[in-house]
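Taken from TrEMBL as is:
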DOMAIN    16-209  domain 'Lon N-terminal'
BINDING   GLY360, PRO361, PRO362, GLY363, THR364, GLY365, LYS366, THR367  ATP binding site
DOMAIN    599-780  domain 'Lon proteolytic'
ACT_SITE  SER686  active site
ACT_SITE  LYS729  active site
Amino acid sequence: MIEKIEERRKKPIGVVPLLPVRDLVIFPHMVVPLSVGRLKSVNAIEEAMLHDHFILICAQKDLKVEEPGVEDIYQIGTLSEVLQLLKLPDGTTRILIEGIRRVRIKEYLDNEKFLQVRIEEVRENIEKTLDIEALMRTANDQFEKYVNLNPKVPPEVLAIITGIEEPGRLADVITAHLFLKIPDKQQLLETINPRERLERLCKLLVSELEILGLEEKIQKKVFDRIGKVQKEYYLGEQLKAIQEELGKKGETGDIENLKKQVKEARMPGEIEEKAMKEIERLKQMFPLSPETTVVRNYLDWLVNLPWSIETKDKIDIKEAEKILEEDHYGLKKVKERALEYLAVRKLVEKMKGPILCFVGPPGTGKTSVGKSIARAMGRKFIRLSLGGVRDEAEIRGHRRTYVGALPGRIIQSVRRAKSRNPVFILDEIDKMSMDFRGDPSSALLEVLDPEQNNAFSDHYLEVDFDLSKVMFITTANTLYPVPPALRDRMEVIEFPGYTEDEKFHIADKFLILKELKEHGLSKKNVEISKSAILRTIREYTQEAGVRNLEREIANICRKVARRITTGKEENGKKIKITGVNVPKYLGVPKIRRGKKEEKSGIGVGTGVAWTEAGGDILIIEVVILSGKGQLLLTGQMGDVMQESAKAALSYVRSRTKELKLKKDFYKKYDVHIHVPEGAIPKDGPSAGITMACVLISGLTKKSISSDIAMTGEITLRGRVLPVGGIKEKILAAHRAGIKTLIMPEENKKDIEDIPKNVTRQLELKFVKNMDEVLKIHKFFEGGKK
């Protein structure tokens with residue numbers, strides 16, 4: 001009977017139904033029960049039962065695919081025989097199958113009811129050599145170790161493999177009992193050569209033995225630790241019993257000291273109650289247990305926070321004004337707002353602190369003004385940099401369940417200040433970002449909301465802390481990255497860039513004295529002239545603040561210190577730094593400042609631009625060429641600036657008659673607009689009127705005065721719209737030697753802060769439309785015709 005079955009199984013088979021299986025690879029000689037529920041799979045089994053009981057079983061590549069197609073099934077599988085079939089009441093079918101041999105799918109056949117394939121035999125060489133015998137013994141030995149280490153594999157399996165003499169069959173039987181990943185098992189199934197299969201199997205067994213060895217090691221450590229904890233608990237209970245017998249009632253000096261600290265901290269009632277409960281918990285714990293350390297750290301944070309400690313405000317408005325003037329030059333509006341706050345604070349003692357937001361370029365004194373406000377109020381000062389903060393836990397802290405948990409940086413800073421009403425600078429609020437760990441800017445909403453911050457909840461403390469008496473000041477270089485909800489909670493005070501005159505006074509009154517002192521020099525042996533300061537500002541720095549200016553002054557001081565210490569200068573001789581010899585100390589000039597054109601020209605005009613380092617002039621050139629009406633734009637213009645150029649050209653075309661241009665000029669000529677310094681990207685609408693004037697100049701052959709600069713957005717109807725950065729633009733025009741600056745009428749309100757010496761030397765002309773601009777340039781007389 002057995003011989004007949006073997007003969008029947010050895011017969012070549014061409015077409016068989018296909019049963020794809022998930023999370024399983026069937027090997028030859030393997031008897032496995034399967035539950036089948038998919039309709040096509042049930043139909044495939046029924047088809048097999050109607051004929052010779054043979055079915056091909058292949059593994060799926062992706063377990064999640066419900067209806068696998070050709071691409072989802074491995075091409076090599078095991079031809080199997082269905083030994084038993086049982087249909088269950090829930091609709092599923094249970095079968096018992098036995099793997100026969102490896103086969104390869106040659107072709108998928110069309111069948112809507114079930115998957116059907118044409119297969120081809122895969123022949124393997126079963127020649128037994130000495131090296132194969134060695135591999136078989138190695139595999140047997142390694143598998144025996146695997147069975148001993150893995151309790152999931154029954155020891156009876158070892159008896160089965162002992163009598164196997166065929167190398168391929170041995171590899172298959174061992175693989176069938178290993179707990180491997182599906183791709184690894186499939187790779188062994190697809191390895192036809194028995195020798196290669198045994199080699200791969202041995203490598204996998206070595207890897208599995210290492211993993212099992214590590215697991216056993218880890219489990220042993222865990223059990224040892226559990227035993228240690230149980231032992232400590234038992235000894236701890238004995239210690240408590242002994243202490244009770246001695247009448248000590250389990251309380252130590254540390255516990256009493258903690259209770260005393262809680263009382264002295266003068267916490268709110270419910271928080272003190274929580275602290276006492278934690279102390280009671282601590283009493284019940286064994287001193288060396290990990291949880292004891294966690295509770296002690298928590299209590300240490302609670303008792304060291306300034307729940308009731310605060311500095312008393314000493315507000316003298318005149319003294320505060322004096323301090324602000326001593327520490328900072330200029331910044332009139334900023335100082336006024338700070339003094340207004342102090343005045344109200346003096347009249348209303350219990351007021352909710354405003355959240356001030358200082359916005360301005362780097363180096364303009366935002367953080368140092370906060371220090372001055374703290375000094376004027378007699379309060380503690382703390383600063384927290386938020387640049388690069390991405391994790392919400394940085395603000396709110398980690399929950400105590402985490403190992404090494406700590407409160408957030410807000411609570412840490414308040415503890416460091418040892419006062420509950422410090423001046424708290426949150427620096428670089430615009431440099432925060434979010435990731436998968438949360439959004440820190442959202443966590444700041446509670447901190448910076450006067451209606452909510454009287455009960456700020458830190459994840460670590462799990463109790464409310466009152467931040468309402470803290471004076472928060474935030475700083476940012478720009479408000480664009482700050483979320484609207486956070487921006488809404490703050491009063492924005494803008495820090496404009498310093499003018500050249502302001503930089504000169506800051507250097508003369510503050511920076512030079514500071515750097516001389518830091519470098520061991522004095523005015524007795526070094527003199528830095530006004531011309532030297534101005535040349536340093538103009539040719540060695542380009543910034544809105546004064547940080548680089550301070551560095552350059554420090555550079556001069558270092559060079560002077562070296563000359564003195566090396567004996568290059570006579571003792572007692574004063575070293576003079578002038579505008580002429582500045583390059584001797586600082587090298588060749590680093591900055592090329594924009595200067596106006598020396599001569600007026602056709603198709604050339606001057607605009608003014610805002611930059612992060614202040615302002616600069618912008619030369620715009622136009623060339624009219626024979627062509628087909630193309631508009632060429634070069635000089636790294638951004639999208640907005642390109643649109644301004646197109647709008648300017650359309651405006652010029654609409655005024656053809658008034659400007660006495662040929663009606664079809666835009667068909668016969670190409671217009672090329674270029675903005676020099678092409679390596680620098682430029683954008684914005686403020687060059688609109690300049691480009692329109694330059695276009696008209698190029699077409700009418702009338703020159704534009706090099707003494708006139710312009711700024712303003714143009715519309716198709718010729719209206720001149722307001723633009724930003726007016727202060728910086730006016731200062732840039734003045735610095736470049738411009739005599740007249742044309743600006744939008746609506747920007748008249750923005751010139752209040754301009755120094756008088758600038759407005760005396762620079763004529764400002766305000767315009768509403770392009771007709772007024774063209775009159776100034778004398779392109780035509782009169783208004784609209």
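Cβ from N, Cα, C; glycine included.
Spatially close to GLY365 (ATP binding site) yet at least six residues away along the chain are HIS328, LEU331, PHE495, GLY545, judged by Cβ distances under 8 angstroms. Cα of SER686 (active site) to Cα of LYS729 (active site): a distance of 11 Å. Apart from GLY360, PRO361, PRO362, GLY363, THR364, GLY365, LYS366, THR367, the ATP site neighbourhood in this chain, defined by C-beta within 8 angstroms of the site C-beta centre, holds PHE358, THR475, ASN477, PHE495, ALA544, GLY545. Taking the recorded positions THR367, SER686 in turn, the residue surrounded by the fewest other Cβ atoms inside 10 Å of its Cβ turns out to be THR367. Under a cutoff of 8 A between CB atoms, and with a sequence separation of 6+ in the same chain, the neighbours of GLY363 (ATP binding site) are GLU543, ALA544, GLY545, VAL546, ARG547, ASN548. Within its own chain, PRO362 (ATP binding site) has ASN477, GLU543, ALA544, GLY545, ARG547 as residues 6 or more apart in sequence whose C-beta sits under 8 angstroms from its own. Cα separation, PRO361 (ATP binding site) to LYS729 (active site), rounded: 15 Å.
Classification of LYS729 (active site) by DSSP places it within a helix. Take the CB of PRO361 (ATP binding site) and look out to 10 A: across all protein chains shown you find 20 other CB atoms. In this structure, the CA atom of GLY360 (ATP binding site) is 16 Å away from the CA atom of LYS729 (active site). Counting only the Cα atoms, the space from LYS729 (active site) to THR364 (ATP binding site) is about 18 angstrom.
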